[in-house]
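Student: Below are the structure tokens for one structure; questions will follow.
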Amino acid sequence: MNGYPARAVVDLAAIRGNVASLVEHAPTAQVMAVVKADAYGHGLVPSACAAVEGGATWLGVAQVPEALALRAAGVTAPRVLTWLYAPGAPLREAVEADVDVSVAAPWALDEVVAAARAAGRTARVHLEVDTGLGRNGLTPAQLDDLLPTALRADAEGAAELVGLWSHLAFADEPAHPTVHAQAAVFASAVRKVESAGARLEVRHLANSAATLTAPDLHWDLVRPGIAVYGLSPVPQLGGPDAYGLVPAMTVEAELATVKPVPAGHGVSYAHQYVTPRSTVLGVVPLGYADGIPRHVSGTQDVPGAPVLVGGRRTAIAGRVCMDQVVLDLGPAAADVAGDRVELFGTGADGGPTAQDWADVAGTISYEIVTRIGARVPRVHVDTAADAAALERDEVGQHA
Ligand SMILES: *Cc1c(COP(=O)(O)O)cnc(C)c1O
């Protein structure tokens, strides 16, 4: 495939099915599939299209160019929201491309209004309130100050106030007291904006974790990201299958070389791993430049990230290098160069998952999938279409 000995295989049927599950989890809200950061590393446009097929009526991205890329690729039907930009962003292009824009600061409202005037169109604006996350968003006091200007822009037809939204600090700990505190601040911001005369189309607060665990926070629209890709936002509460999700990305590679070595042989830089017995080493042509965290290196005492080779699990041995990692395949290994190694995937057949990798690396599954490097080809498959084709073939053979 492409002549490259590794790839991230993305199952579009999984993305479709995950969004369908999210639609069921939030029956009273619309679903915005968050496809920022190249759809969490899964490939922006194919993933966005699969999410829309699964029932998403909105797509969410961080940066303005991500939104423009969706429209340029012909993704025209769903509403698209962009929420993170600095002064000078291409907001006129966003307005012309029918992209909704978030406003998180007074200067941003000025720039959106100027962009709308330049475009000769009404901008669709979502005001972001910082209800306690302490990140982007208008503080309640800033919202008070900005609201009259925003309502004037709305009355003049420059910027329609269609949304009010916020983001939670502890959504992945549903019982954390800040969740309810933020929800209360949000509800009061909604009341303030609506009683000032805005007719909000969508009020939104919930990311994946809140979509799955806090139905009272769904409001009109939920904004799941990680769950779209089949990973659990709350691994301490339940894995993907507990929420009707299937991991969409499988990272696999071919073994580049396989060779026997004696006991006591140092493996990879700084010999952080030394073979405890005579064994067979296998080289996997993926390294930290491909997004394999250096933190999943292994020693004899602490195994590195788990992988699946020939149906059995082993772990990364020694330091993760820029382009490659080494596996200790064991003394009896019959693996040969070209054999498939699964680094992480659905977890079926005893294979490791991105969550397993996150646990070894001391991070979250989000970071594992989003960091898979640009050098690694994304290969999009559709297991549902493959299954249907297989069924047609079988029916054909029997006919
Ligand atoms: C990334 C992001 C989301 C999605 O978060 P998940 O935890 O992946 O569901 C939702 N809203 C905002 C503002 C985000 O930045």
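Backbone N, Cα and C atoms are what each Cβ position is placed from, and that goes for glycine too.
Positions annotated as active site, proton acceptor by TrEMBL: Lys36, Tyr269. Look at TrEMBL and you will find Arg135, Met322 tagged as substrate binding site. Residues or ranges marked as domain 'Alanine racemase C-terminal' in TrEMBL: 248-381. TrEMBL lists Lys36 with the feature N6-(pyridoxal phosphate)lysine.
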Student: I'd like the Cβ neighbour count for Arg135 (substrate binding site), meaning other Cβ atoms within 10 Å of its Cβ, all protein chains included.
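Tutor: Taking all protein chains shown, Arg135 (substrate binding site) has 11 Cβ neighbours within 10 Å.
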Student: Using a 10 Å radius around its CB, how many other CB atoms surround Tyr269 (active site, proton acceptor)?
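Tutor: By my count, 11.
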Student: Measuring Cα to Cα, how many Å separate Tyr269 (active site, proton acceptor) from Arg135 (substrate binding site)?
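Tutor: Here the two Cα atoms lie 39 Å apart.
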Student: State the three-class DSSP label for Lys36 (active site, proton acceptor), counting H, G and I as helix, E and B as strand, and everything else as coil.
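Tutor: SS state of Lys36 (active site, proton acceptor) = helix.
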Student: Of all the recorded positions given, Lys36, Met322, which residue's CB has the most CB neighbours within 10 A?
Tutor: Lys36
Student: DSSP on Met322 (substrate binding site), three-state: which is it?
Tutor: coil
Student: Taking helix as H, G and I and strand as E and B in DSSP, count the residues of the domain 'Alanine racemase C-terminal' (248-381) in helix, strand and coil.
Tutor: 26 helix, 46 strand, 62 coil
Student: What is the separation, in Å, between the Cα atoms of Lys36 (active site, proton acceptor) and Arg135 (substrate binding site)?
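Tutor: Cα-Cα, rounded: 17 Å.
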